[in-house]
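A.B. asks: A single structure is presented below for examination.
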Amino acid sequence: MTNIRKSHPLFKIINDSLIDLPAPSNISSWWNFGSLLGICLAIQILTGLFLAMHYTSDTTTAFQSVTHICRDVNYGWILRYLHANGASMFFICLFLHVGRGLYYGSYMYKETWNVGVILLFAVMATAFMGYVLPWGQMSFWGATVITNLLSAIPYIGTKLVEWIWGGFSVDKATLTRFFAFHFLLPFIISALVLVHLLFLHETGSNNPTGVPSDSDMIPFHPYYTIKDMLGALVMILALLMLVLFSPDLLGDPDNYIPANPLNTPAHSKPEWYFLFAYAILRSIPNKLGGVLALVLSILILILMPLLHTSKQRSMMFRPLSPCMFWLLVADLLTLAWIGGQPVEHPCIIIGHFASILYFLLILVLMPIMSIVDNHLLKW
């Protein structure tokens with residue numbers, strides 16, 4: 001009799017994806033982040049579902065409902081902080097996952113990579129709308145500032161902003177629709193994750209060397225299931241440490257002040273994971289130019305397969321390309337730091353240089369360095 005795992009229509013899909021899946025024998029811990037992102041998504045959907053049972057998306061009661069969750073609901077405080085800090089953990093894993101893809105040339109699987117970029121946009125949109133829901137000062141002014149950027153679009157900009165707001169300012173209609181979309185998007189993200197995996201399993205996984213590993217494959221279970229469980233354990237431990245010891249470390253104190261349209265915060269800034277893009281936006285004096293730079297800072301990832309000039313897929317054996325990669329990492333950290341600083345000297349000029357360097361590295365310096373590597377290795 002055939003094993004039910006291999007014959008049942010549903011179990012067969014799970015078996016081919018998680019158990020008998022042939023995987024390269026040499027993939028490192030950098031390949032753990034896909035499964036960690038899946039766990040993060042599950043945590044966010046579960047905690048979000050329970051929070052939605054107690055939250056009210058009305059401007060008069062939203063802030064109070066979050067207070068009620070933290071004070072009166074059984075374990076409401078841990079649900080709220082798991083959800084808020086779970087988003088931070090989600091983005092840490094996302095950035096590391098994308099960074100691994102850039103370093104090891106995983107972007108050469110174009111379909112998987114493009115779906116991944118769409119996923120990144122969807123997660124960023126979800127996180128932005130989630131930040132608006134507690135209806136604190138940063139929530140309100142963040143929503144006002146970011147949605148207002150769309151008014152830079154010629155001809156239709158102002159109408160588009162008013163249509164998104166559902167009125168002439170950020171108000172009850174805006175909060176209600178943001179809650180609706182914040183609830184819906186994670187399920188769309190889950191569907192996109194399945195598409196992402198579908199494309200990945202069409203080609204098989206990349207490996208650190210960038211060399212095809214068809215001749216040296218091992219079953220996913222037990223080798224990589226155990227490895228993923230260890231990664232999950234470390235991540236969940238880090239998340240619980242953050243939630244239980246310093247839950248407000250990555251938040252903004254201004255968001256504990258109820259939203260007040262008549263009082264602007266001294267320094268409006270988004271959550272830490274948007275700071276690099278916010279710094280690029282702020283560094284361009286023109287509003288439309290800033291919005292375009294903001295979108296392009298993420299959309300530029302789509303161009304990675306076209307900008308690949310090396311004869312090697314991975315950066316593992318290239319002498320100079322890794323230097324450019326780590327310069328890009330340092331530049332992104334600089335942008336994130338600048339995004340959180342007030343708009344004054346010397347932060348303005350550092351922001352300008354870091355923004356120019358970001359686009360210069362991806363579009364010019366990294367492709368040139370790959371060509372130099374080809375010559376150095378006499379390829």
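Any Cβ shown, glycine's included, is placed from N, Cα and C.
The transmembrane segment annotation in Swiss-Prot covers 33-53, 77-98, 113-133, 178-198, 226-246, 288-308, 320-340, 347-367. The heme b b562 binding site annotation in Swiss-Prot covers His83, His182 and is backed by similarity to another entry. Taken from Swiss-Prot, the feature heme b b566 binding site applies to His97, His196. The ubiquinone binding site feature in Swiss-Prot is assigned to His201; the stated evidence is similarity to another entry.
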A.B. asks: Distance between His201 (ubiquinone binding site) and His83 (heme b b562 binding site) at the Cα atoms, whole Å?
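C.D. replies: So the Cα of His83 (heme b b562 binding site) lies 30 Å away from that of His201 (ubiquinone binding site).
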A.B. asks: In the structure shown, which of the binding-site residues His83, His97, His182, His196, His201 has the fewest Cβ neighbours within 10 Å?
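C.D. replies: Lowest Cβ count within 10 Å among the binding-site residues (His83, His97, His182, His196, His201) is His201.
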A.B. asks: Does the chain bring the transmembrane segment (288-308) near the transmembrane segment (33-53), so that three or more CB pairs sit under 8 Å (pairs 6 or more apart in sequence)?
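C.D. replies: Taking Cβ pairs at least 6 residues apart, the transmembrane segment (33-53) and the transmembrane segment (288-308) are not in contact, as fewer than 3 fall under 8 Å.
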A.B. asks: So, do the transmembrane segment (33-53) and the transmembrane segment (178-198) meet, by the test of 3 or more Cβ pairs under 8 Å (sequence gap 6 or more)?
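C.D. replies: The transmembrane segment (178-198) and the transmembrane segment (33-53): touching, yes.
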A.B. asks: State the non-local partners of the transmembrane segment (77-98) in its own chain: residues 6+ outside its ends, Cβ under 8 Å from one of its Cβ atoms.
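C.D. replies: Sequence-distant neighbours of the transmembrane segment (77-98): 30, 33-34, 36-37, 40-41, 43-44, 47-48, 50-51, 66, 69-71, 116, 120, 123, 127, 130, 235, 238-239, 242-243, 247, 250-251, 271-273, 301.
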A.B. asks: Who are the chain neighbours of the transmembrane segment (320-340) in space, where the CB to CB distance is under 8 Å and they lie at least 6 residues beyond its ends?
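C.D. replies: Answer is 99, 102-103, 269-270, 272, 274-280, 282, 310, 347, 350-351, 354-355, 357-358, 361-362, 365-366, 369-370, 372-373, 376.
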A.B. asks: Please report how many Å separate the Cα atom of His97 (heme b b566 binding site) from that of His83 (heme b b562 binding site), as a whole number.
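C.D. replies: Between the Cα atoms of His97 (heme b b566 binding site) and His83 (heme b b562 binding site), the distance comes to 20 Å.
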